[in-house]
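A.B. asks: Checked Swiss-Prot, it gives:
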type	residues	note
TRANSMEM	33-55	transmembrane segment
TRANSMEM	62-84	transmembrane segment
TRANSMEM	99-121	transmembrane segment
TRANSMEM	153-170	transmembrane segment
TRANSMEM	174-196	transmembrane segment
TRANSMEM	216-238	transmembrane segment
TRANSMEM	253-275	transmembrane segment
TRANSMEM	282-304	transmembrane segment
TRANSMEM	308-325	transmembrane segment
């Protein structure tokens, strides 16, 4: 049984296709697209804001444990849905885990550096600095896969670099440690996206069905991250902190952490749903536009000190992200 059914509608081309001889139902399809897009935007924004709340407002100093708990929640839910027959996942064989382990190391590093950077940097600047990932990915595609980008893409990437540099210079709450973690996160995120496709192709060859759906990848990534996360948590001396902190004795804190785990899984589900109801181009553009309300919410909710120059740099970076998304659309078309 699948969670989402496909109605044979290609919204990217503006076409409505009949299903089984029935009359076209564009209103229903557009409502689904709107609902899935709204769910994706809410879950992705909420995830970052809740993580920021846990790390900064609660002053929780165990980012690796937070990631570990979130992934554990995801594993429990995915396994439960699979046992109920609501979703289909591939068996986690030893061969499959061996193939996936290298990319999982990058995945864990990506999550951990994101946690560490979010603790020290305000949400708006994190969203702008994440644009650097696009620059690294574009350069990586050019050198690794001989993929050429047109001038509009490079112009948008140049605008992203300017916005990131100017944003850092004008950031009133600048923190060098946080910026270092975020730059590391950009390199790891780009590495993950560059290696994921090849790893997926290899992994499909060792699965029982010859495929690897999104639910299987969520289960595979999160399951493999648990032992690695435990080792890193011990290496960073988080165990001593966890033993001493009074936060773990607060039911409200566990509720917030569990919510963050549910939101992490919700992003996976809603992104698949939204992508299924619309297409890659709309998904990419909405993802860029989604950073605008996220940045505003981050500044307002956490009382971030800002200046006109820094606000302008942030806005410039967000606009550059939208320009980049549109340039990529035209490049693909």
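Glycine is no exception: its Cβ is also placed from the backbone N, Cα and C atoms.
Keep in mind it's a predicted model, so treat the numbers as computed, not measured.
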A.B. asks: Cβ pairs under 8 Å with the transmembrane segment (33-55): which stretch of 62-84, 99-121, 216-238, 253-275, 282-304 has the most?
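C.D. replies: Ranking 62-84, 99-121, 216-238, 253-275, 282-304 by Cβ pairs under 8 Å to the transmembrane segment (33-55) puts 253-275 first.
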A.B. asks: Other than its close neighbours in sequence, what residues sit by the transmembrane segment (153-170), given a CB gap under 8 Å and a spacing of at least six beyond its ends?
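C.D. replies: For the transmembrane segment (153-170), the nonlocal Cβ contacts are 125, 128-129, 131-132, 134-135, 138, 179, 307, 309-310, 313-314, 316-317, 319-321, 323-324, 327-328, 331.
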A.B. asks: Restricting to CB pairs under 8 Å, which listed stretch, 62-84, 282-304, 308-325, is in contact most with the transmembrane segment (253-275)?
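C.D. replies: Most contacts with the transmembrane segment (253-275): 62-84.
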A.B. asks: Looking only at residues six or more beyond either end of the transmembrane segment (216-238), which have a C-beta under 8 A from one in the stretch?
C.D. replies: 61-62, 64-65, 67-68, 71-72, 74-75, 78-79, 82, 88-90, 92, 96-97, 100-101, 104-105, 107-108, 111-112, 200, 207, 265, 268
A.B. asks: In the same chain, who gets a Cβ under 8 Å from the transmembrane segment (282-304) while lying at least 6 residues past its ends?
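C.D. replies: Same-chain contacts beyond the flanks: 11-12, 33, 37, 40-41, 44-45, 48-49, 52, 56-57, 122-124, 126-128, 173, 271, 274-275, 314, 318, 321-322, 324-326, 328-329.
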A.B. asks: Cβ under 8 Å to the transmembrane segment (62-84), counting only same-chain residues 6 or more beyond its ends: which ones?
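C.D. replies: Residues 51, 54-55, 108, 111-112, 115-116, 119, 215, 218-219, 221-223, 225-226, 229-230, 232-233, 236, 238, 241-242, 245, 257-258, 260-262, 264-265, 268.
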